[in-house]
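Peer 1: I'd like to ask some things about the structure below.
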Amino acid sequence: MPVKMVAIFGASTVLWILFAVSQAFKIEISPEYKTLAQIGDSMLLTCSTTGCESPSFSWRTQIDSPLNGKVKTEGAKSVLTMDPVSFENEHSYLCTATCNSGKLERGIQVDIYSFPKDPEIQFSGPLEVGKPVMVKCLAPDVYPIDRLEIELFKGDRLMKKQDFVDEMAKKSLETKSLEVIFTPVIEDIEKALVCRAKLYIDQTDSIPKERETVRELQVYTSPKNTEISVHPSTRLHEGAAVTMTCASEGLPAPEIFWSKKLDNGVLQLLSGNATLTLIAMRMEDSGIYVCEGVNLVGRDKTEVELIVQEKPFTVDISPGSQVAAQVGDSVVLTCAAVGCDSPSFSWRTQTDSPLNGEVRDEGATSTLTLSPVGVEDEHSYLCTVTCQRRKLEKTIQVEVYSFPEDPEIEISGPLVHGRPVTVNCTVPNVYPFDHLEIELLKGETTLLNKFLREEIGTKSLETKSLEMTFIPTAEDTGKALVCLAKLHSSQMESEPKQRQSTQTLYVNVAPKEPTIWVSPSPVPEEGSPVNLTCSSDGFPTPKILWSRQLKNGELQPLSQNTTLSFMATKMEDSGIYVCEGINEAGISKKSVELIIQGSSKDIQLTVFPSKSVKEGDTVIISCTCGSVPEIWIILKKKAKTGDMVLKSVNGSYTIRKAQLQDAGVYECESKTEVGSQLRSLTLDVKGKENNKDYFSPELLALYFASSLVIPAIGMIIYFARKANMKGSYSLVEAQKSKV
């Protein structure tokens, strides 16, 4: 009994251990055993375990092909992702999980298919009643093709059914179709065609995947019984209106197109409406009009002829048969049709040159605007008016001219009496310049006339001039210089266009030699007033300019008044003064010398050592004069037999060892431009005493001192006066005695 219990206990222990192990480590796979995946979709295979903290996973196909997917393991779960699913994913996949020494494995079969779109219904052409047409039902991109079945229904009636079991399956996507030919009838309108495709993916599953397309039948009938109605009539007058209506039968309802048959048989499309209305009919509107009914399966047409009868009309053109237009202005040519409601206009030049203007048509009037007018616009213009089948033309001649500005007078320089001058009369921007005449007049006298007719004209604006040289005189002042320009027209105007410019002549006369008045005298005494007055004749009146001539010959301007005044003259005012008369015609000048004289009280006659000397003494007689230019000093000794001029040095005369015969009257004469002055003194020479050998020492010393001091004093006085007084004269020169 105990042995049996032990055996039972041991067996139960082993079973418990096995049960515990089986509970501790399990593997599961999802989806289970088998799954379907559509090509292009995403597929997840999940392998998970229980009873193991850190299992390891591995995936493989049963035939060891590539997985063609991505594996992601997290803890006790591993996922194989196939994105997108392709043919390479059709396998049996095995997931192996290992936990320590234990290993478990699960497998799953992945089958793939492709059935992504609804079938398509295609027709070989439009469904026209009574005409056979082929309809095709297509199932695109299918796999496996051997499990496909296609059915085609018209309404509830099965037209055809087809499967593809006999076709060899391929590892590829295929498009299969079912084709049926049938003849549409009127009763098919609004019926539906149904194309149904079935894919039996799992042979054990009797329910297939199914897709279908439904298309309502659009049945057509070709247009027929096309008819035209015309109101009011097919025969019309110019300016009248007509309405034509067209109708046609067919399915779908035909579109109506109106055309006109041209002379060459070509149809000119006019309208896409059932009703065609023509207003203000013209002659050219006559003809055959065609109505055509058109739909997808056919067309039907009919025609009608309209006859439009003409009526007379005239054309007027303004402003006339000829018009003159200035360059830069605007001119409007107007062409009007009378008796035609809807005329058509065209403009051209007689030489078929380009039109440079703007054409505007409004009703029965057409205008051609030339703005701005240029020389290229000079043409004969033709306006052609078409009224139905009739044409009329009118011509207008446009003459272009340019004469925008008055002439310009240019003179080569100022007008000076007796001096030749060139006058230029310019006429700017003239056209046509070969019709230009230029005349130059002085007062009422024609100086020169020129007609440019002989020059070759060009199609451009040109500037022309007339030039001449004449010598103006003083008598021309106040006269008018006139430049007269005339532009002659060819035929349009009897009188030429005129422009003129006038310039009053003012002839300049150069200043004559000035006249100078000096009051009271050109040699006044120092301190007295002096007025220098100048005048000069000329035109315009000369301006007066007083200047002083410097030692270097240059002129120092002093005044622009006619009178130059000195209130109190000074010695330095002496000099040459120049008066200039100045105007635009020239300069004239004259000079005068002003000499300022010193007063006579400055003359002194002295003797050294005294007027009474002894025989043998040295005597110095001196004559001096201050602040007097141009002075002559003459020392003389009066005698009964005649005056004896003494040879003086700087106004001094020295008697060495005076003798009794040296006694007498000595005279100093000073001469200037205004007169002379005299000074005199008497020298007394006494004879020696008995002791002839006696010579006083004091007298000897005095003699030597005087011989040195007196010349020194004279030199000092000379240089001082020369330095302080401008214009003073050296007494050295005064020794040149004048008798």
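Residue positions begin at 1 at the first shown residue.
Each Cβ is built from the backbone N, Cα and C atoms, and glycine gets one as well.
Straight from Swiss-Prot, here's the annotation block:
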DISULFID  C47-C95  disulfide bond
DISULFID  C52-C99  disulfide bond
DISULFID  C137-C195  disulfide bond
DISULFID  C246-C291  disulfide bond
DISULFID  C335-C383  disulfide bond
DISULFID  C534-C579  disulfide bond
DOMAIN    25-111  domain 'Ig-like C2-type 1'
DOMAIN    119-212  domain 'Ig-like C2-type 2'
DOMAIN    223-309  domain 'Ig-like C2-type 3'
DOMAIN    312-397  domain 'Ig-like C2-type 4'
DOMAIN    408-506  domain 'Ig-like C2-type 5'
DOMAIN    514-595  domain 'Ig-like C2-type 6'
DOMAIN    601-682  domain 'Ig-like C2-type 7'
CARBOHYD  N273  N-linked glycosylation site
CARBOHYD  N424  N-linked glycosylation site
CARBOHYD  N531  N-linked glycosylation site
CARBOHYD  N561  N-linked glycosylation site
CARBOHYD  N650  N-linked glycosylation site
SIGNAL    1-24  signal peptide
TOPO_DOM  25-698  topological domain 'Extracellular'
TOPO_DOM  721-739  topological domain 'Cytoplasmic'
TRANSMEM  699-720  transmembrane segment
Peer 1: Through the lens of DSSP with three states only, how would you label C579 (disulfide bond)?
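Peer 2: Going by the DSSP assignment, C579 (disulfide bond) falls within a strand, counted as strand.
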Peer 1: Of C52, C246, C291, C579, the disulfide-bonded residues given in the record, which has the fewest other CB atoms within 10 A of its CB?
Peer 2: C52
Peer 1: Counting every protein chain present, what is the number of Cβ atoms, excluding its own, within 10 Å of the Cβ of C335 (disulfide bond)?
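Peer 2: Neighbour count, Cβ to Cβ under the 10 Å cut-off: 28.
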Peer 1: Out of C95, C99, N273, C534, N650, give those recorded positions positioned within 10 angstroms of N561 (N-linked glycosylation site), comparing C-alpha atoms, in sequence order.
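Peer 2: Near N561 (N-linked glycosylation site) by Cα: C534.
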Peer 1: Considering only the recorded positions C47, C99, C195, C534, N650, which residue has the minimal Cα-Cα separation from C246 (disulfide bond)?
Peer 2: C195
Peer 1: So of C95, C99, C383, which of the disulfide-bonded residues has the fewest other Cβ atoms within 10 Å around its own Cβ?
Peer 2: C99
Peer 1: If I restrict to non-local contacts, at least six residues apart, and a C-beta distance under 8 angstroms, what lies near N273 (N-linked glycosylation site) in its own chain?
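Peer 2: Residues satisfying the criterion: I256, W258.
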Peer 1: To the nearest whole angstrom, state the Cα distance for the pair C383 (disulfide bond) and C137 (disulfide bond).
Peer 2: 69
Peer 1: Which one is it: of the glycosylation sites N561, N650, which Cβ has the fewest other Cβ atoms within 10 Å in this structure?
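Peer 2: Counting other Cβ atoms within 10 Å of each of the glycosylation sites N561, N650, the minimum falls on N561.
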Peer 1: Within the domain 'Ig-like C2-type 6' (514-595), count helix residues (DSSP H, G, I), strand residues (E, B) and coil residues, in that order.
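Peer 2: DSSP classes over the domain 'Ig-like C2-type 6' (514-595) add up to 3 helix, 47 strand, 32 coil.
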Peer 1: Roughly how many Å lie between the Cα atoms of C291 (disulfide bond) and C335 (disulfide bond), rounded to a whole value?
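Peer 2: The Cα atom of C291 (disulfide bond) is 38 Å away from the Cα atom of C335 (disulfide bond).
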Peer 1: Between the Cα atoms of C137 (disulfide bond) and C534 (disulfide bond), what distance do you get, rounded to the nearest Å?
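Peer 2: That comes out at 132 Å between the alpha carbons.
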Peer 1: Quick check: of the disulfide-bonded residues listed here (C47, C99, C335, C534), which one has the Cα closest to that of N424 (N-linked glycosylation site)?
Peer 2: C534
Peer 1: May I ask which of the recorded positions C52, C195, C335, N531 is closest to C95 (disulfide bond) if we compare their C-alpha atoms?
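Peer 2: The answer is C52.
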Peer 1: Work out how many Å separate C534 (disulfide bond) and C195 (disulfide bond) at their Cα atoms, rounded off.
Peer 2: 134
Peer 1: Around the C-beta of N531 (N-linked glycosylation site), how many further C-beta atoms are within 10 angstroms, looking at every protein chain?
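Peer 2: There are 13 such Cβ atoms around N531 (N-linked glycosylation site).
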Peer 1: Quick check on the disulfide-bonded residues: of C47, C137, C534, whose CB has the lowest count of neighbouring CB atoms inside 10 Å?
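Peer 2: Least crowded of the disulfide-bonded residues C47, C137, C534, by Cβ count within 10 Å, is C534.
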